[in-house]
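Here the structure comes first, spelled out in structure tokens, and everything after it is commentary.
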């Protein structure tokens, strides 16, 4: 990853785009597919890089920024449930200084002179849920989903042992939130059953819990050893108690399971002592935890702190360091991705780390192999932070055998045997054979049908591989003629292994449904290198319609200077990305494929809708000392209402809020005839927005 302090604005723009796409994909895999692609530590590193870039270049923050979102868009097979209060994720603290900063932010934000009591509890590595009771009867159970809309899993939650279906002496409307999990020993037993039945084993306890909850048949869920803890009252918690410790006492009285391992800390020292206690004893707990959650105990103070886009300000998660293990590197295999990028993968002697068996680890790029001096048959150190794919930290050189083998970086593609192209600035090796490379073609079709592209349900990895192997499809266009081909064939798809009449009917129905697609989704589905969802939206906004888009791309092939300049001027499309677009449309087969797709698809023109309020997009400046609220609280409220808070006054400023001892900014605002109000007027204004 590049040094944030030295990065240029253009480089930052490109990196933010890449991070948005990567993190969105990782979120979808984690929250929706229950199949994490990277470790917690690697995800956190990417997310923190994104935050640092946004702090340095706030004007480059994307509409689809990971810092604005929680989780991932929900799938279609469950009914949707809208959370009255969003189920947001927590910010992370990785060391004691991060925790001290968290405590200091609370003091500064709330203008406190003393330490405000902090409630500490284990961070269970499970699946978040919400349960709603009306007149004491359980009516709705839901997953977190994207934080705003989850999936209805009421029938499945009711199968969990000791989960109350009816409770007494509670308000007419009650919500509880918590974590559903599977204990370590139960997980091992479950995987043993899966293996005996010839089924795939679960990667870890969290995946097993998530997969169990997302069963359409609740009788399957009932057979899984699910357990739960509640830790929040959601929209109704402040009707039950005035603090977190009181709330848990009340929920326990109602019959809910709460985690008895908790601590109400009255100092930083008590916080750190509890953290060390849990870190030392985590392996002795029956369930997996990956850190400690700290939250302001007082609900009134929580209300004042409020939220940022995806996190509450009043809480944070102090993560445990990753678990380290050692095993043998058996071999290095190479995967070819959608855009031709080759990625080395370490094949390992299976090792159990934190209750999970690990046999593979990504090596990211070929330079990492050389930098770490990795050799086949070496003993390597693995780092795992609660997920599936660990990271190789280095080699145990003291145990290096005499017969180790160095890995030779390939010169030719392992899929199509074409000569590989090496780009030092990207630290990658790429196959430029495009659709003629079977591996790239497979990944391109997988991308085309994926959730955020054409969204063709029923065409997963195995199904795409099967259809390609049988010669039924060879490019994205073939998908839309699959039914026609099947109808005229003697060898029907529904009679083949892994298929049935119902699954084939559903597939054809979903293919037909996908023919109505928005222009941004269509452009994203094409799989142009570095054109993620955000850049696809930029192009769609610029060209408006499919016909204009394809016409302009054909002009680009003729080196038309106007279209080149138009693209180059787009915010978010730098020189490097422009080269990728040109390279894609320089391939005649790509243009022909897109035209044929355009003939059979209904590609909707681009439309942009935004909710408006009186402060949306207004530029507000705060100056001087505000009598009753902190500057941070005022800024947070303004941003929550859609305003942009600037540090300096200019002709673009819409409003200046002036406190005591306002200086040069107030003077400049008067000179520019900008509207000026005091704190009292500001509080009245935001109350009426």
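Glycine too: its Cβ is placed from the backbone N, Cα and C atoms.
Under the DSSP three-state reduction, residue 295 (NAD(+) binding site) is assigned to strand. The Cβ of residue 295 (NAD(+) binding site) has 20 neighbouring Cβ atoms from other residues within 10 Å, across all protein chains displayed. The NAD(+) binding site annotation in Swiss-Prot covers 40, 41, 42, 43, 44, 89, 90, 121, 144, 179, 295, 319 and rests on sequence analysis.
What Swiss-Prot records for 123 is active site, N6-AMP-lysine intermediate. Look at residue 123 (active site, N6-AMP-lysine intermediate): DSSP puts it in a strand. Cβ-based neighbour count (10 Å, all protein chains) for residue 123 (active site, N6-AMP-lysine intermediate) stands at 21.
Taken from Swiss-Prot, the feature Zn(2+) binding site covers 413, 416, 431, 437, and the record attributes it to sequence analysis. Residue 431 (Zn(2+) binding site) falls within a strand segment according to DSSP.
Feature annotation from Swiss-Prot assigns domain 'BRCT' to 610-689; the stated evidence is sequence analysis.
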Candidate recorded positions 123, 413, 431, 437, pick with smallest Cα gap to residue 44 (NAD(+) binding site): 123
Inter-residue Cα distance where the pair is residue 90 (NAD(+) binding site) and residue 437 (Zn(2+) binding site), in Å: 42
Residue distribution over DSSP helix, strand and coil in the domain 'BRCT' (610-689): 28 helix, 17 strand, 35 coil
Tertiary neighbours of residue 413 (Zn(2+) binding site) (same chain, Cβ under 8 Å, six or more apart): 336, 342, 419, 420, 431, 433, 437, 439
Most Cβ neighbours inside 10 Å, all chains, among the binding-site residues 42, 44: 42
Assigned conformation of residue 144 (NAD(+) binding site) - DSSP reduced to three states: coil
Env. residues of Zn(2+) site, Cβ within 8 Å of mean position of 413, 416, 431, 437 Cβ: 336, 340, 414, 415, 417, 418, 420, 433, 436, 438, 439, 440
Among 90, 416, 431, 437, which are binding-site residues, the residue with the most C-beta atoms within 10 angstroms of its C-beta: 431
